[in-house]
Amino acid sequence: MGRRRAPAGGSLGRALMRHQTQRSRSHRHTDSWLHTSELNDGYDWGRLNLQSVTEQSSLDDFLATAELAGTEFVAEKLNIKFVPAEARTGLLSFEESQRIKKLHEENKQFLCIPRRPNWNQNTTPEELKQAEKDNFLEWRRQLVRLEEEQKLILTPFERNLDFWRQLWRVIERSDIVVQIVDARNPLLFRCEDLECYVKEMDANKENVILINKADLLTAEQRSAWAMYFEKEDVKVIFWSALAGAIPLNGDSEEEANRDDRQSNTTKFGHSSFDQAEISHSESEHLPARDSPSLSENPTTDEDDSEYEDCPEEEEDDWQTCSEEDGPKEEDCSQDWKESSTADSEARSRKTPQKRQIHNFSHLVSKQELLELFKELHTGRKVKDGQLTVGLVGYPNVGKSSTINTIMGNKKVSVSATPGHTKHFQTLYVEPGLCLCDCPGLVMPSFVSTKAEMTCSGILPIDQMRDHVPPVSLVCQNIPRHVLEATYGINIITPREDEDPHRPPTSEELLTAYGYMRGFMTAHGQPDQPRSARYILKDYVSGKLLYCHPPPGRDPVTFQHQHQRLLENKMNSDEIKMQLGRNKKAKQIENIVDKTFFHQENVRALTKGVQAVMGYKPGSGVVTASTASSENGAGKPWKKHGNRNKKEKSRRLYKHLDM
């Protein structure tokens with residue numbers, strides 16, 4: 001049985017309550033001479049939409065403050081401001097980039113790392129920790145003022161004091177401090193103030209820049225960087241951690257692997273160098289010395305690869321140097337303002353026994369690297385009878401891979417996350433040679449935009465909010481023909497009213513890539529954010545190779561790999577034309593005449609089956625006579641309906657989608 005309905009008089013109470021509520025609401029906002037107890041002179045705590053506000057957005061906070069202050073705002077119709085297409089890409093114009101570069105040069109002396117305060121045997125641990133905290137706090141305030149006053153963008157830097165303490169201890173214990181940088185952009189990962197701080201602690205300590213992933217550079221590019229750092233009076237070594245474990249075999253192997261890397265391989269192959277070019281470069285840059293043999297000694301034994309973790313209690317056993325022996329911080333910052341010639345002369349006066357620096361441009365092997373470490377430091381060592389080499393670098397430049405390659409097996413876990421290594425470690429390669437591994441530190445440096453930080457691998461790609469600026473930077477650095485040859489896509493060409501040599505936009509690249517890979521959204525459009533993550537990861541890994549040139553060089557002519565790929569493409573096109581082959585059809589161009597004069601046939605589209613067993617939709621009721629006559633003409637059930645099969649509309653009108 002159904003539910004028993006309530007009698008009609010049961011809703012009288014609700015009707016009276018509803019009437020009383022409506023009556024009170026109607027008289028609440030009307031003036032009346034009658035006496036009433038509802039004065040409406042207080043806050044209405046009984047309303048239903050009462051909410052507690054503990055956090056507001058910037059706009060809501062501004063409007064709420066203006067309402068409390070009794071300020072009213074009136075909309076004004078001002079002049080219209082047109083936003084150009086370049087502003088939507090998130091990239092800077094040429095004038096803006098030049099202005100930011102000038103600001104970077106003017107404020108370079110303020111970009112420093114925190115110093116360890118002076119201490120001696122009478123300093124208590126509590127006093128030392130408090131002094132370190134005070135210096136670290138003042139250093140962070142200085143960087144914040146630099147960002148706010150000069151409107152500059154700094155890379156994310158390490159904000160944990162414990163990691164900087166590990167750096168201080170590594171510098172104190174090391175005879176040679178090695179900065180590991182990425183070969184594609186060495187100046188971004190180089191910290192000049194760290195080199196100054198090493199000389200402040202002890203003039204006998206040596207600075208070396210180890211350019212990792214140097215197999216991504218050509219011989220001409222390595223020579224250009226070697227000459228640049230030689231003018232800067234900085235010792236550099238070209239090295240590849242992944243290729244260092246493989247013996248160098250010959251010229252043909254280098255060319256084959258370099259071509260494979262430029263033709264869509266993401267792994268680094270065997271790296272080698274031209275013997276004739278090496279001998280020529282060594283005759284120009286290197287003094288006459290015996291070249292170390294390339295035979296590698298086994299280092300997998302437990303005695304040769306002894307591992308030791310240095311606890312903090314052993315700090316008193318090491319010889320430490322205070323900042324009183326070296327120049328002050330102001331003097332060091334003043335030296336960086338001067339030219340490189342004056343800087344080298346000041347260093348030569350400070351250390352007259354120092355040799356003239358000569359850099360060579362070939363890739364060194366593992367044994368050559370160890371021999372260079374032994375020959376580089378000839379002064380007084382921190383620990384008698386032992387050469388200590390401290391390795392410092394960003395977490396994603398290959399520091400851990402370098403250590404594992406030198407040791408011959410996996411001694412340090414490889415990770416791209418800052419803070420993976422909590423404490424410095426000492427790794428004995430052989431008797432008398434010790435590697436001191438410092439935790440990965442992200443040091444402050446200048447960048448122009450966040451897109452540059454994402455493309456350099458500093459910011460994680462999976463956590464980016466806006467994919468348009470980084471992909472626009474990739475399109476600006478990588479030519480159109482390289483993108484098309486790498487991914488096998490056809491990017492839409494510019495319109496007739498545009499520059500035919502302009503770089504493709506991010507939307508054009510991501511749309512073509514998404515269509516080719518099948519990355520589509522629920523609405524049938526190419527998934528641009530997903531395509532952007534794949535392209536940016538290929539750019540960071542080196543599949544899309546772009547090498548930043550030294551200052552003063554043209555970035556376009558410095559990309560020899562792009563020029564070689566273009567020449568190969570032109571040669572292949574000429575061969576195809578000679579053989580009489582048809583060239584691959586290009587994507588439909590945005591031609592104004594074709595679009596304007598193209599006439600489409602207007603037709604009606606139906607949904608469903610066109611004909612079933614001889615019946616056509618809209619032909620009316622099928623009688624027995626008509627059915628028999630049609631069946632007599634043939635056997636339609638054996639024709640399968642393939643002759644007049646209905647095509648999908650998206651296939652018929654595919655040319656209208658783009």
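From the backbone N, Cα and C atoms, a Cβ is placed for every residue, glycine too.
Comparing Ser97, Ser281, Ser572 with the features listed in Swiss-Prot, the residue bearing the annotation phosphoserine is Ser97.
Between Ser32, Ser252, Ser279, Ser344, the residue that has phosphoserine written against it in Swiss-Prot is Ser252. Candidates Ser52, Ser93, Ser271, Ser629 were compared with Swiss-Prot; the annotation phosphoserine appears at Ser93.
Within 10 Å of the Cβ of Lys399 (GTP binding site) there are 27 other Cβ atoms, across all protein chains. The candidate set comprises the binding-site residues Ala214, Val397. Of these, Ala214 has the most other Cβ atoms within 10 Å. Just so you know, of the binding-site residues Gly393, Pro395, Pro439, the Cβ with the fewest other Cβ atoms around it within 10 Å is the one at Pro395. Non-local contacts of Asn212 (GTP binding site) by the CB criterion (under 8 A, 6+ apart in sequence, same chain) comprise Ile180, Val181, Asp182, Ala183, Trp239, Ser240, Ala241, Val397, Gly398, Ser401, Thr402. Across the structure, Pro395 (GTP binding site) and Ser97 (phosphoserine) are spaced 28 Å apart at their Cα atoms. Per-residue pLDDT, averaged over the domain 'CP-type G' (164-444), rounds to 66.
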